[in-house]
Every structure is written in C-alpha cells, then in structure tokens.
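For reference, the structure I am asking about is given below.
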Amino acid sequence: MTAIQQFFKTFFLTELLKGLALTGRYTFKRKFTVQFPEEKTPISPRFRGLHALRRYENGEERCIACKLCEAVCPAMAITIESETRADNTRRTTRYDIDLTKCIFCGFCEESCPVDSIVETQILEYHGEKRGDLYFTKEMLLAVGDRYEKEIAAAKAADARYR
C-alpha cells in the first residue's frame with residue numbers, strides 16, 4: 001500500500017466507517033438474549049445437575065457402600081462411611097456431597113455399579129450460606145424419592161448409550 005493510499009484511508013476514516021456500518025447492521029437484528037427466570041431454554045437429556053440417591057422398589061436404599069464414587073471423584077467432594085449389618089451386607093451410615101467442591105463431571109454416576117447415585121435435571125437450587133450446599137445422605141435420599149419418576153425415565157432414555 002502506497003503512502004497516498006494510506007493517507008486517503010486515514011483522511012476519510014474508512015476503517016471507522018466500516019466499523020460503524022457493521023454496528024448499524026447488528027443494531028436492528030433480533031437479539032439472542034434469554035431472560036432466564038422467565039424464559040427457559042431446553043435442557044439436554046444428558047445434563048448433570050443436582051445429585052440424588054435412589055432406592056429399590058421395596059424401599060431399601062441402593063447404595064452398597066463400595067466407595068467407588070468416593071475414589072473416582074476428582075474434586076474429593078464425596079465422603080462415605082459404612083458399617084456391616086447383621087446379614088453381612090454393607091450399607092452407608094454417612095454419605096455426604098459437598099457441592100461447593102463438586103465439578104459435576106458425572107464420574108460418580110458412571111462408576112456406581114447399582115445406579116445408586118445419579119445426577120438429576122435439577123439446576124435451580126441455591127444456598128444462602130456455605131453449609132446449605134453440603135448434602136447429607138438424608139437430603140440426597142429425599143431428592144431421589146421426590147424425583148424418582150423423572151430419574152427412572154431419564155435412565156431408560158439413556159440406556160442405549162450406557
């Protein structure tokens with residue numbers, strides 16, 4: 001580019017006018033912003049949200065205290081304590097998930113041999129203080145009991161890919 005061409009480009013502000021033209025074109029196009037609480041976008045069927053512990057149909061909890069989920073968790077967000085029952089089966093006495101540490105990777109769900117721990121489609125939960133995001137076994141079982149139909153439907157829909 002010669003010096004004369006550079007002078008005319010600078011003198012007539014062509015770069016500035018190109019930028020203004022681009023801005024003007026996008027000013028009158030439809031916006032892509034979603035007003036979240038009022039408008040909701042579709043959630044992927046494989047979305048990983050709030051955790052839940054499931055039970056069998058007879059009401060017994062599924063977790064066999066194998067501690068695979070605790071071992072595989074990269075964020076070390078899961079804490080499990082167990083004891084042996086009279087019939088020589090292990091069950092959990094403590095199953096805690098710290099959601100402030102959890103990265104929602106889904107490894108706990110993949111490693112569970114009995115599909116006890118699952119990640120639901122729930123994304124709207126909050127805590128006013130740090131302790132509110134520390135889920136105990138009872139809280140996780142309550143989530144599982146409340147949303148069992150949705151969890152079972154999601155598992156059935158995803159069975160082909162597992």
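Each Cβ is built from the backbone N, Cα and C atoms, and glycine gets one as well.
Per Swiss-Prot, the feature [4Fe-4S] cluster 1 binding site maps to CYS63, CYS66, CYS69, CYS112. The annotation [4Fe-4S] cluster 2 binding site is assigned in Swiss-Prot to CYS73, CYS102, CYS105, CYS108. The feature domain '4Fe-4S ferredoxin-type 1' is assigned by Swiss-Prot to 54-83, with sequence analysis given as support. Taken from Swiss-Prot, the feature domain '4Fe-4S ferredoxin-type 2' applies to 93-122, supported by sequence analysis.
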Between C-alpha atoms, which of these binding-site residues comes nearest to CYS69 ([4Fe-4S] cluster 1 binding site): CYS102, CYS105, CYS108?
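Nearest candidate: CYS108.
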Going by C-alpha distance, which of the binding-site residues CYS63, CYS66, CYS112 is nearest to CYS102 ([4Fe-4S] cluster 2 binding site)?
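Out of the listed candidates, the nearest Cα belongs to CYS112.
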By DSSP, what is the split of the domain '4Fe-4S ferredoxin-type 1' (54-83) into helix, strand and coil residues?
5 helix, 8 strand, 17 coil
How many Å lie between the Cα of CYS112 ([4Fe-4S] cluster 1 binding site) and the Cα of CYS105 ([4Fe-4S] cluster 2 binding site)?
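Given the Cα positions, CYS112 ([4Fe-4S] cluster 1 binding site) is 14 Å from CYS105 ([4Fe-4S] cluster 2 binding site).
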Give the sequence-ordered list of residues that share a chain with CYS108 ([4Fe-4S] cluster 2 binding site), lie 6 or more positions from it, and have CB atoms under 8 Å from its CB.
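Residues satisfying the criterion: HIS51, CYS69, VAL72, CYS73, ILE78, ILE117, GLU119.
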Inside 10 Å of the Cβ of CYS63 ([4Fe-4S] cluster 1 binding site), count up the other Cβ atoms and send me the figure.
24
For [4Fe-4S] cluster 2, what surrounds CYS73, CYS102, CYS105, CYS108 with a Cβ no more than 8 Å from their Cβ centroid?
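Here the non-site neighbours turn out to be CYS69, VAL72, PRO74, ALA75, ALA77, ILE78, ILE97, ILE103, PHE104, GLY106, PHE107.
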Return the residues near CYS66 ([4Fe-4S] cluster 1 binding site) by Cβ distance under 8 Å, restricted to its own chain and a separation of at least 6 in sequence.
ARG90, PRO113
How many Å lie between the Cα of CYS63 ([4Fe-4S] cluster 1 binding site) and the Cα of CYS105 ([4Fe-4S] cluster 2 binding site)?
20
